[in-house]
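These notes concern the structure reproduced below.
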Amino acid sequence: MVFLRTSEKAGSCFIRTDQLDGETDWKPKVAVSCTQRLPALGDLFSIRAYVYAQKPQLDIHSFEGTFTREDCDPPVHESLSIENTLWASTIVASGTVIGVVIYTGKETRSVMNTSNPKNKVGLLDLELNQLTKALFGALVALSVVMVTLQGFAGPWYRNLFRFLLLLSYIIPISLRVNLDMGKATYGWMIMKDESIPGTVVRTSTIPEELGRLVYLLTDKTGTLTQNEMVFKRLHLGTVSYGADTMDEIQTHLRNPYSQTQPPAGGHTSATPPRKAPSAAPKVRKSVSSRVHEAVKAIALCHNVTPVYEHRAGTPAEAEDQDFSDGNRTYQAASPDEVALVQWTESVGLTLVSRDLASMQLRGPSGELLTFSVLQTFPFTSESKRMGVIVRDESTAEITFYLKGADAAMSSIVQYNDWLEEECGNMAREGLRTLVVAKRALTEEQYQDFESRYSQAKLSTHDRALKVAAVVESLEWEMELLCLTGVEDQLQADVRPTLEMLRNAGIKIWMLTGDKLETATCIAKSSHLVSRTQDIHVFMPVTNRGEAHLELNAFRRKHDCALVISGDSLEVCLKFYEHELVELACQCPAVVCCRCSPTQKAHIVKLLQQHTGRRTCAIGDGGNDVSMIQMADCGIGIEGKEGRQASLAADFSITQFRHVGRLLVVHGRSSYKRSAALGQFVMHRGLIISTMQAVFSSVFYFASVPLYQGFLMVGYATLYTMFPVFSLVLDQDVKPEMAMLYPELYKDLTKGRSLSFKTFLVWVLVSVYQGGILMYGALLLFESEFVHVVAISFTALILTELLMVALTVRTWHWLMVVAEVLSLGCYVASLAFLNEYFAPQMESRPAFGHGGHGTARWWPPPQQHLQCVRSIMGTVAGSLCAHPSSTITSPVTLTEWPHRTCSNTWLLGHTQTVAVVATKLVRVTLLYRAEGKWARLRPYLQAHVTCPRSFPQNLGPTGHGRSSLCTEAPRSLLWPSVPAGPGLRSSQPAAPCPCPKPFQPEYVSHTVRCPSVDPCGPRERRRSFQGF
């Protein structure tokens, strides 16, 4: 809004803009003079006036408008500038204000410079999503292969979905849960780290992003610096004063004022040193006179206002004891100006009061010096200097004081041979330099200047250019007074922290809203730019041609830091976005000054789009929120500028030096742990899916689960969750070693801990282990097929626990507890959950109900298995003895041993028959699991009677041979088919010499058995009725 009136008598007030531009110093604002002079507040509503304002724009450092009052004769026209406006999201620090609102809602500067936050997803999560998609593709492909190998028999689409469900453990559903729990654990570890106290983790989704950063974009004020300026050096050309020689300045300053005692009224008359320049300007001045002129220029050329705690303003007629109040503080738009005024106070020349029209200084002896402020020229990024025209009330002399950067002042001051060299020396020491000069004006010169200046300020078109042209008419052949050096104190351990981050392979960009010179000095003093590196200052450009020439000039530079202003950056990004970003990414360091909050966020977005690398933004003010929210990882510092950035960030710290440990130690560990955890969870699902696939392949690609019930649930939870999750405690190197060798961080940016290469390695390991476990259980424990579930599952659990133990690099006591606890839970489940490892053959009512209404298999399980094995032995014997008979079988034989068709074959190959019978039992079990056993019951009732107890010698014998076919029970009868050899039957078996081996082959549901006998060649067909 336009500032119309204030309760302050001086007609000005102070506002705080720390949440808008990040600066903590108070900014002076000036009310419109014609409304401020109104007698009463109510008169504002009786005047007729209007305000002309420019359209809304992003720039928070400029404003152009006019205020016109029409009810006067002639009408009053006043120019409006940035000093006559108050922005939203700022705080009035002194007095009360009344104004007219011109921008609201989305048109305000704060809203226009704020970007919408985005949902941040870690790069690790994106990579795991890609791997999960690959696993899903593998799941579908494997299911299709299994159905294809079945020959698409029957309802194949139903089998396809069965396989998708059976092999669904390939998709690591528990991966999301494990990773989220791991990220929460990483956040807890970060907040509990005593080396970085006060750190707060405000997100639980991207802690591993701290280990993948390539670009670090940081604010300057309050982030790298403490925003506290200290005066360090004063150079007069022939003599230089440092911190240890300030007492000499006090002596030189005291001498001129010791000749005249201060009068009772507090005002001094003309002093000889002030008259000396006009009396004899060509005479060489003494050191005391030069020191006095330099100190007085520093005390007058500024926009600092003294503020007293007990008073709203500081009138000129205040008594001396009010000026010496210890509660006096200084407020200004720039902290280095406050440092200069505080230094003049320390050497004896104190600023005691200031308003829009005057200021008062107090000398070393207590005398008051009054000056009228005629004009003030604020600092701008284009001019790089600020000036003031004052009239000494005691001598009526008008003097134009000017101070600014050496680059802008070198062409304005008179010729000298020391300015450039001393500026370079101070800059190498990390000091912010200012060149101070003056020029004496006559009354006629000033009146001519004032008329031209007022006319230029009323212009509504190209006002800035016209005003600058008028001011430049005074800026020539000015007398060089001194060179000052001010140090902006850095935060603790900023230099070693930046050095560590550079060694870790992180490129650091500094984005600040401060002046170019200030940003360059801080870049040097903080060692963001090393002393051996050159600095290329990107010249101001306004159009495409200038941008093209400047980019070509920059392209010829090698290994140099880039310093560019926000205006030039905007022009270059408009025409040569790709070229600028490509050149900037090759620089070891980049400094962007005079950046608005929107520009900061735009730079972050450009780096993400053009490089594809992970970015991190660090700031402490409200102007850094957009940058923090746009970056892949945002870090906020709690400082003098409030907690807005801290609350909007993903991680909150108290000092910049904590960034080093946060990235190098916690970021690195979080990424490596999450990568290992993610791959191990995928391995856990792949290995059990491989075992399921092998199981189904062995048993004729039947879609039957290998493990059911609690085993599948407990595998991913109770039995393996604790050891696998304990990987979040693993660390490959100690934190001290990670801090000592930050180069270890550099490998993480390449993503080698989790890639398609490591993923394929884990897939091969899973397939190998799953295949070995399943085939090993089937081959090594052939005779114990009934216990194949318990055998293979036990081997699986032990393998997982062993793999975790082999993966761990540094053991933690919780890891040992997790291993022991999981193993103990599994051993206990063997005792309490026996039915899952040796399943009871129960099903829904199908053929006969028990006493409690539950259909139970008859005969009992173990006897039933032995009975079925005896039946299969009989089937094999009958096929050999009576090949012409028709046999109704419960299965289709796909693997039949090569044998000689003779009467005595079974007697000599009982072990082979046992193997065949065992395989038949497996298929029988599969039919039972698929719910088809009910269709086998009529066949059993018609042909077999099994007792409740069987002899114990039906299993394998100690000599490795089976007595299955030779020791069948007496009650086993097969009336419709003659019994085979070794079985007691009512009809003896007839010999059938067949020299050729029996070679079955599939023809739909018919087995062709070609053979040769004395009667001649013939072909027999035996129909196997399937279910």
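Keep in mind that glycine also has a Cβ here, set from the backbone N, Cα and C atoms.
Features reported for this protein in TrEMBL:
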TRANSMEM  134-154  transmembrane segment
TRANSMEM  160-179  transmembrane segment
BINDING   Asp219, Lys220, Thr221, Glu337, Phe379, Lys403, Arg432, Thr512, Gly513, Asp514, Arg594, Lys600, Asn623, Asp624  ATP binding site
BINDING   Asp219, Thr221, Asp620, Asp624  Mg(2+) binding site
ACT_SITE  Asp219  active site, 4-aspartylphosphate intermediate
REGION    255-286  region 'Disordered'
DOMAIN    647-840  domain 'P-type ATPase C-terminal'
TRANSMEM  681-703  transmembrane segment
TRANSMEM  709-729  transmembrane segment
TRANSMEM  759-779  transmembrane segment
TRANSMEM  785-806  transmembrane segment
TRANSMEM  813-833  transmembrane segment
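The separation of Arg594 (ATP binding site) from Asp620 (Mg(2+) binding site), Cα to Cα, is 17 Å. Considering only the binding-site residues Thr221, Asn623, the Cβ with the fewest other Cβ atoms within 10 Å is that of Thr221. By number of Cβ pairs under 8 Å, the transmembrane segment (160-179) is matched best by 681-703 from the list 134-154, 681-703, 709-729, 759-779, 813-833.
Neighbours of Asp219 (ATP binding site), defined as other CB atoms within 10 A of its CB across all chains, total 30.
Here the transmembrane segment (813-833) sits apart from the transmembrane segment (681-703); fewer than 3 CB pairs are under 8 Å, leaving out pairs fewer than 6 apart in sequence. Relative to the transmembrane segment (785-806), the listed stretch 709-729 leads the set 134-154, 681-703, 709-729, 759-779 in CB pairs under 8 A. Cβ-based neighbour count (10 Å, all protein chains) for Asp624 (Mg(2+) binding site) stands at 34.
Straight-line distance linking the Cα atoms of Thr221 (ATP binding site) and Asp624 (Mg(2+) binding site), rounded to a whole number, equals 11 Å. Tertiary proximity for the transmembrane segment (134-154) is limited to same-chain residues at least six positions away from its ends with a CB under 8 Å from its CB atoms, namely 160, 163-164, 167-168, 170-172, 682, 686, 689, 693, 696-697, 700-701, 703, 759.
Sequence-remote contacts of a segment are chain residues at least 6 beyond its ends whose Cβ falls under 8 Å from one of its Cβ atoms, and for the transmembrane segment (709-729) they are 169, 174, 178, 181-182, 185-186, 673, 676-677, 680-681, 684-685, 688, 789, 793, 796-797, 800-801, 804-805, 807-808, 812, 814-815, 818-819, 821-822, 825-826, 829, 833, 836-837.
Shown are the binding-site residues Gly513, Arg594, Asp620; of these, the residue with the fewest other Cβ atoms within 10 Å is Arg594. When the record's ATP-binding residues Asp219, Lys220, Thr221, Glu337, Phe379, Lys403, Arg432, Thr512, Gly513, Asp514, Arg594, Lys600, Asn623, Asp624 are compared pairwise by CA position, the greatest distance found is 30 Å.
Of the candidate binding-site residues, Asp219, Gly513, Arg594, the one lying closest to Asp624 (Mg(2+) binding site) when CA atoms are compared is Asp219.
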